[in-house]
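Undergrad: Just dropping this structure here.
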Amino acid sequence: MARFSTYIIFTSVLCQLTVTAASGTLKKVAGALDGSVTFTLNITEIKVDYVVWTFNTFFLAMVKKDGVTSQSSNKERIVFPDGLYSMKLSQLKKNDSGAYRAEIYSTSSQASLIQEYVLHVYKHLSRPKVTIDRQSNKNGTCVINLTCSTDQDGENVTYSWKAVGQGDNQFHDGATLSIAWRSGEKDQALTCMARNPVSNSFSTPVFPQKLCEDAATDLTSLRGILYILCFSAVLILFAVLLTIFHTTWIKKGKGCEEDKKRVDRHQEMPDLCPHLEENADYDTIPYTEKRRPEEDAPNTFYSTVQIPKVVKSPSSLPAKPLVPRSLSFENVI
C-alpha cells in the first residue's frame, strides 16, 4: 500500500512539473573536478511535504521529511545530509555541469516553489607560465612585455600581477604586463596569479634586471653569430668563384695546348713528293724465287733479258724442234 501511495505521489509530481510555479533566484554553483558540491535549500517559512530534484529535466530524487522515497541510479554520488532537503553531489565530472532544479511541494501552498541552480565544474589550475613576448632596449631603457598563461585557458580564468620590491606592492590586472627598467634602478619581483572559481595558482617570480641583462647578452651573442655567418658566407662565395675561375682557366689552357700541338704536327710533316701524289700508278710484278745449288757460288752472273713483243707467223717457225737448254738465273723486269 505504501509503495502504491508513493507511485501516486510521484505521478502527481510529474504532472505538476508543467504547472507555472513561483521561482526563486537563479543560483550559480562552482565545483572542482573530482570534488563535491551542495545545493542548499532554505525553506524554513513553510511546511514542506516533499521535494523533487531534477538535472536537465532528468529525475534525480524525491525527498520527504522522513527520508528519500525515490532516487535515480546515482545513489553513491547523491546524498541528503542531516535528513534535510538539500542535495550533495560528490565525485564531480565535467559532464555534471548544467541546470539543477528543486521543486518544493507544500500543503499550505497551492503552487510549488522552484529553486534553480547552474553548476559549473572546473579543473584545478596548474602553475602559470610566464613568457617574454617582445623586448627592446633604447636609450638605456629596457622594455619587456610579459604574458601569463595556464593549461586551462578559456575556463573562466583571470590573471593578475603582483610587483614586490619598489616601495608599496603594486597589482596589475590582465595576463599581459609591460615593464620598463633602467640600469641602476632597484630590481623587483614580478609574480603572476591565475584564478578560477575553484582554485588559484602563482607563477615563479621573475626579475626585470635579470631579464634585461640576459636580453642584452643574447643580443650581443646574436650579433656575433650574425657577423660570423656573414664572414663565412663571403669566404664560401669567394672560394666558389675562385674554383670556377680556376676550372675555366685550366680548360682554356688545355684547349690552347692541344691546338698548338695540332699546328706543330702539321708543320713537321711537309709534302716531300708532291709530283708522286698526282696520277701515281703503282704496278706490282710478282715473281717466283727459285733456289739452286749454283746460287751459293761466289761469282754469279745475272742477265737481264727483255723479251720483245714480236709475233711471228706460223710459217716462219723453224721446222726443227727446239732443244731445251739450261739457263742461268733470270730476273725478268
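First residue shown is number 1, and so on along the chain.
Using the three backbone atoms N, Cα and C, a Cβ is placed for every residue, glycine included.
I grabbed these lines from Swiss-Prot:
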SIGNAL    1-22  signal peptide
TOPO_DOM  23-224  topological domain 'Extracellular'
DOMAIN    27-112  domain 'Ig-like V-type'
CARBOHYD  Asn42  N-linked glycosylation site
CARBOHYD  Asn95  N-linked glycosylation site
DOMAIN    128-203  domain 'Ig-like C2-type'
CARBOHYD  Asn139  N-linked glycosylation site
DISULFID  Cys142-Cys212  disulfide bond
CARBOHYD  Asn145  N-linked glycosylation site
DISULFID  Cys148-Cys192  disulfide bond
CARBOHYD  Asn156  N-linked glycosylation site
TRANSMEM  225-245  transmembrane segment
REGION    276-294  region 'Interaction with FYN when phosphorylated at Tyr-282'
Undergrad: Which one is it: of the recorded positions Asn139, Asn156, Cys212, whose Cα lies the shortest distance from the Cα of Cys192 (disulfide bond)?
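TA: Given the candidates Asn139, Asn156, Cys212, the nearest one is Asn156.
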Undergrad: Please report the distance from the Cα of Cys142 (disulfide bond) to the Cα of Cys148 (disulfide bond), rounded to the nearest angstrom.
TA: 19
Undergrad: Return the residues near Asn156 (N-linked glycosylation site), defined as same-chain residues 6+ apart in sequence whose C-beta is under 8 angstroms from its C-beta, sorted by sequence, else 'none'.
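TA: Expected: His120, Tyr122, Asn196, Pro197.
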Undergrad: As a test of the contact definition, list every same-chain residue at least 6 positions from Cys212 (disulfide bond) whose Cβ is closer than 8 Å to its Cβ.
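TA: For Cys212 (disulfide bond), the qualifying residues are Gln135, Asn137, Cys142, Ile144, Trp181.
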Undergrad: Over the domain 'Ig-like V-type' (27-112), what is the model's mean pLDDT?
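TA: For the domain 'Ig-like V-type' (27-112), the model's average pLDDT rounds to 87.
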Undergrad: Reduce the DSSP letter at Asn95 (N-linked glycosylation site) to three states and note it down.
TA: helix
